[in-house]
Protein chains: 2
Amino acid sequence: MKNLLVAQSGGPTAAINATLAGVVASAKLSEKVDHIYGAVNGIEGVLGETFIDLDDKLGSAEQLHLLCQTPAAALGSCRLKIRQEEQLEQIVSILRKHEISYFIYIGGNDSMDTVDKLASYCRVHAIHDLSVMGAPKTIDNDLCGTDHCPGFGSAAKYIATTISEIERDCHVYAKKAVTIVEIMGRNAGWLTAASSLSRLNGGKGPDLIYLCESPFYPERFIQDVKQKLEEEDAVLVAVSEGVKTPDGKYVSELVQSAAVDNFGHAYIAGAARVLEDMVREQIGCKVRSIELNLMQRCASHLQSATDEEESRMLGMKAATAAISGETGKMAAVIRISDDPYRVKYDLIDISQAANAEKNVPVSWITPDGHDVTEAMTAYLKPLIQGESRVTYRNGIPETIQLY
Amino acid sequence: MKNLLVAQSGGPTAAINATLAGVVASAKLSEKVDHIYGAVNGIEGVLGETFIDLDDKLGSAEQLHLLCQTPAAALGSCRLKIRQEEQLEQIVSILRKHEISYFIYIGGNDSMDTVDKLASYCRVHAIHDLSVMGAPKTIDNDLCGTDHCPGFGSAAKYIATTISEIERDCHVYAKKAVTIVEIMGRNAGWLTAASSLSRLNGGKGPDLIYLCESPFYPERFIQDVKQKLEEEDAVLVAVSEGVKTPDGKYVSELVQSAAVDNFGHAYIAGAARVLEDMVREQIGCKVRSIELNLMQRCASHLQSATDEEESRMLGMKAATAAISGETGKMAAVIRISDDPYRVKYDLIDISQAANAEKNVPVSWITPDGHDVTEAMTAYLKPLIQGESRVTYRNGIPETIQLY
């Protein structure tokens, strides 16, 4: 008996289930796979042997379609980082017990680290009948070795669309006002850069865009906003949650030291909230801050068809490779050209992806530090193209429940 | 020459432009209308004579289609409340100068107050050749005299969809965690009630729903959350921004008195943020607050087809009535039945709508105070049905710019 086990890990995305669908599709097509299992809650579910049978739960084409439009990890997730040799020993023993020959782990940096450790363990202990393969996933787009990450395109499409809608909303009144939108990304500004795509149909988009890769100067920010306010009524700012002052301090920490609530707690505010107070204090006009929060990573109703398709292909690539005996690798997208947009799928050594972070190149940020260049737009634009055909029932998108 | 002037006012919605499209369509069909003008920024634009010619700008079917999917008020908006007789005199004089025989004002309570005052002024001064008509609009759904308000259905659909997505996102980890979502509504809880529609396809939806029509007891809230945490890992709470303690104090004000930031300012938090701190302090588990903020009112990409269609019909009703000589009225939706859902369109006296607020009936809130009844679901469900066909270009929805 040769079974395939798949699990999901890390933060949810709108496309991580498309990758799961791809894994299942490839496994179904192969004669070398007897049963397809899913571990609930990632590697925690492997250690706890919480397996579910996907042969039936994802047996029909309709179920796979619904899976692709279901947000967040349908198999659940975890944040467990494997640190001990005994855990690896235990995992291998459990996989053997369930006659698993192929293990596909869909996730981000930490998950790829798990794949790396597990594959190394197998190599060192001469275990040749277990293939361990990674499939990438992260809205942050910070995985190395792949042109971009599944889940990022859909988050970028959500951000571009939402910023274009907010821009219209902000411009209805003939009054001076500043709106600051905080976008996910503690160390990588890719998602914040995607706010610039709101300009693709002629909209103005954000007047100012600050990525966390550029040092953030509060005084310069106030100057930038003042200047924009002279040019127009409504000023729209997009900012990474992880912007830092030149001395390496998160902007979100600037207010925390002193602000204390009724219970005597430090008041932890987001970057946009801190900047909102700064504008109110130093400029005095109407100002509002908005966090795109979880919505930017789980808005499956606004999936990018490109992202969905590529996410599925990467799941297929990872599963096919595992079934053909590859191990210790991650499926990756290699870009061939921007326009026409062409990619190919490849396998990279897992150590290339594990524990490394890909940041926005500084050359893709404009010299004034508050916008992105055309090279950035050329890179981002293809990733949000196409709208997934979402099935609605009773006025809301239909989803599937696996456990 | 008999011209028609239309203007938009109050907070933006995803459907207010569908009403504008309806007004334009009816005016186009009539031989009694020579030109169609739009005033930019509502009644401010009337006073400032900032008129634009809509004959050309909305001359084609495609332009009208794009208008319907453009978020926020395409003609701009204002918050000006008419308080002086001289302003009314000035408005009438400007309308005469531009040979306006029909004035349609699309807006909420304050805008209907303007229609009321202007129509009364005309009556008192025996001005018989000017028809003044209101078309309703408000995501809050708090206008009297109409079964529901254009814009509300789309906001409700956004909320139902988004809450169902957030629910999936919250449930991926096998860890105790509380997520509190704040929904617009300072005095009316209709939008928060719409979070219950996230259950329509079998999802759990929010575990707790607090509307501003029920007194909010902080201790009881903590007890409710604790109890839900015993039953499951992830607890999801929906709360109106305007929830108040039994002594009439906004929950959002509970923290403001003491929290002071680096600049010595009172820290103004939203209700969900205050509750987040309360859970952290008194329960100690992982907790997160989310504001749906402007997105819930401007997400045109997720328009309810029912809302779009009805909004358009109300614009047509208001314009047709004005052209046929009616004045001082508001177009309204009258519900005939829930299932099958049937409505008719009627005119109500403007004084019925102006300056009054429609709240959620207490009987539609469950006795425990933290959910809504089936009667509420039966009322809400038809309003989010159907998905508007949104045209995308370059990966984001296409819109139209009128000025």
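Using the three backbone atoms N, Cα and C, a Cβ is placed for every residue, glycine included.
It should be emphasised that the depicted structure is a prediction, and the values quoted were computed from it without experimental measurement.
The active site, proton acceptor annotation in TrEMBL covers A:D140. All protein chains included, A:D140 (active site, proton acceptor) registers 25 other Cβ atoms within 10 Å of its own Cβ.
Listed in sequence order, A:S77, A:G108, A:T138, A:I139, A:R297 are the same-chain residues at least 6 apart in sequence whose CB falls under 8 Å from the CB of A:G11 (diphosphate binding site). According to TrEMBL, the feature diphosphate binding site maps to A:G11.
As annotated by TrEMBL, Mg(2+) binding site applies to A:N109. Under a cutoff of 8 A between CB atoms, and with a sequence separation of 6+ in the same chain, the neighbours of A:N109 (Mg(2+) binding site) are A:G10, A:T138, A:D142, A:L143, A:A353, A:A354, A:N355, A:A356, A:E357.
Positions annotated as substrate binding site by TrEMBL: A:T138, A:I139, A:D140, A:M184, A:G185, A:R186, A:E241.
Feature annotation from TrEMBL assigns domain 'Phosphofructokinase' to A:4-319.
Positions annotated as site 'Important for catalytic activity and substrate specificity' by TrEMBL: A:D110. The Cβ of A:D110 (site 'Important for catalytic activity and substrate specificity') lies under 8 Å from the Cβ of A:S9, A:G10, A:R79, A:K81, each of which sits 6+ residues away along the same chain.
Marked as site 'Important for catalytic activity' by TrEMBL: A:K137. A:K137 (site 'Important for catalytic activity') falls outside any helix or strand according to DSSP and counts as coil.
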(request) List, in sequence order, the residues of the same chain other than A:T138, A:I139, A:D140, A:M184, A:G185, A:R186, A:E241 whose Cβ lies within 8 Å of the centroid of the Cβ atoms of the recorded substrate site. (result) A:D142, A:I183, A:N187, A:A188, A:W190, A:L191, A:G242
(request) Find, among the recorded positions listed as A:K137, A:R186, the one whose Cβ has the highest number of other Cβ atoms within 10 Å in the structure shown. (result) A:K137
(message) Most Cβ neighbours within 10 Å: which of the binding-site residues A:T138, A:I139, A:M184, A:G185, A:E241 is it?
(response) A:I139
(request) Look up A:G185 (substrate binding site) in the DSSP assignment and report helix, strand or coil. (result) coil
(request) Within the domain 'Phosphofructokinase' (A:4-319) only, compute the mean pLDDT. (result) 95
(request) Please find, for A:T138, A:I139, A:D140, A:M184, A:G185, A:R186, A:E241 as listed binding substrate, the greatest distance between any two Cα atoms, in Å. (result) 16
